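Asker: Look at Swiss-Prot and you will find 72, 113, 114, 115, 145, 146, 173, 284, 367 tagged as thiamine diphosphate binding site. Residues or ranges marked as Mg(2+) binding site in Swiss-Prot (evidence: sequence analysis): 144, 173.
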């Protein structure tokens, strides 16, 4: 079938199961070939082909609402709703988004990127439907990994209590990104092996209705037998107790089973949970055999071998550098423990976990719990390292503030993927952490200029005993600089001058140091002397150096790959105001007050005006123009 010609999913209504099987094979081949060039979330999407097709055949999108939790598994949905011709632009600048996008299609009714939000969104839509008196079906599709998120459980509790008509699709592939952990995962494992509970329950009810009633005694006995068999057949009937009608488990790759259960769910009043078993990566052997999450999301790859197409790294990844430095220090200090909310692979903690399994905690998709658990460990004189992506740290704001900072506990937070991350887009850009971390009392916040300084910052954080400390570091690899053999500690709140200058000064840190140095060198050719300062401590500021700069009265330019509102530049302005030095000329460069879309980091920096060219132009505007000499002077 020509998948690029699909306009909407109505063509599915008249197709037989055999034709749908052929369509599924075509879709899988399309995804494998397309993502081999662009990269993307191949594993999750190969696993939901039949489920997505079945949903669009049985229901009527966009009238009926599909809410894809996390959203990385929505490629098949995009294909069936007329966006196949755009797949060659997937996750590229101004191209097809890798997640549902409301302004991209009327079929995308809920935008996602972070996990565990679909059930709460669905509850809101169901409540609105009932208030308006309409009759659409609401169908959140949530994975077994996302179901471990606290927000999802809060929503289950409310939905079950309100008894709203809703069909929750539990896409159970036994993985989120990495293999799932926790008691809910264990419970779902029991359900997978328990058989079809709903069929047994219906048969029992039919049987009991045929037994002649002898007073109320037999009826009561029959009900007790039914309840006992329920718990015998399905250990831990969590969803039924929450108020849901539980259906399944169902083979998520069998159209016959999917159609039977989806039609049953349509006729059932109140909230229904359909438990669907799928195979992540189905149809492509390298992805299907993946046990640790390597094929969850990838770059380009060779179809025949499954080898990834990427240049040999000249330097270690930032995640690897940080985790391996922590691991090295853990050999000398048994109090060091590592915590990750479901990202052991992305955070490169596999080596730590293998060497120190009793000191490694993957808590699942539970950022709030991870932060407060770190606080608990710190109260017992342990040294917790919380490895967390910047975008997911947003979800633990209150726990960092209330449980870690307020108690002034020695927790080291490694803020991975800080700054622009590129193709994953606006839900994943790590640009807000400075603004929400720097106002927290007791918090130290820093970012290194390169991987050598990075390893020393990790050591500084581990040795720091005066409260919480956080280190930001970007996605990708280091710069390939020479690494010191001996680890050092860096004085808290100390900056360093990287390039001398007397006409103006740039205050910056991390990834934007390179463009600052390049701009300073360009202006040097024009006879302008610009100082570049590595403001590696975002909090506390180096007040001694700042005071010296203010005494010189020269213009100041701050640069940050983070939001300007409440950011590093704001802290410098606040300091200057408090010092009654408002006559100093100050300009700030950074991320504007908007969400930054997907695309390459270079393209995004160009779009927002954060390049060496714009830095140089800004400095030229700030510096006084030398007076022209007259003729004969």
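From the backbone N, Cα and C atoms, a Cβ is placed for every residue, glycine too.
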Asker: May I ask you to report the DSSP-based helix, strand or coil state of residue 367 (thiamine diphosphate binding site)?
Answerer: helix
Asker: Which has the fewest other Cβ atoms within 10 Å: 144, 367, the binding-site residues listed?
Answerer: 144
Asker: Applying a 10 Å Cβ distance cut-off over all chains shown, what neighbour count does residue 114 (thiamine diphosphate binding site) have?
Answerer: 20
Asker: Between residue 144 (Mg(2+) binding site) and residue 173 (thiamine diphosphate binding site), how far is it from one CA atom to the other, in Å?
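Answerer: So the alpha carbons of residue 144 (Mg(2+) binding site) and residue 173 (thiamine diphosphate binding site) sit roughly 7 Å from each other.
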Asker: Which residues in the same chain, at least 6 apart in sequence, have a Cβ under 8 Å from the Cβ of residue 173 (thiamine diphosphate binding site)?
Answerer: 44, 47, 143, 144, 277, 278, 279, 280
Asker: 72, 145: which of these binding-site residues has the highest Cβ count within 10 Å of its own Cβ?
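Answerer: Comparing the binding-site residues 72, 145, the most crowded Cβ belongs to 145.
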Asker: Per DSSP, to which secondary structure element type does residue 114 (thiamine diphosphate binding site) belong, with helix, strand and coil as the options?
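Answerer: Assignment for residue 114 (thiamine diphosphate binding site) reads coil.
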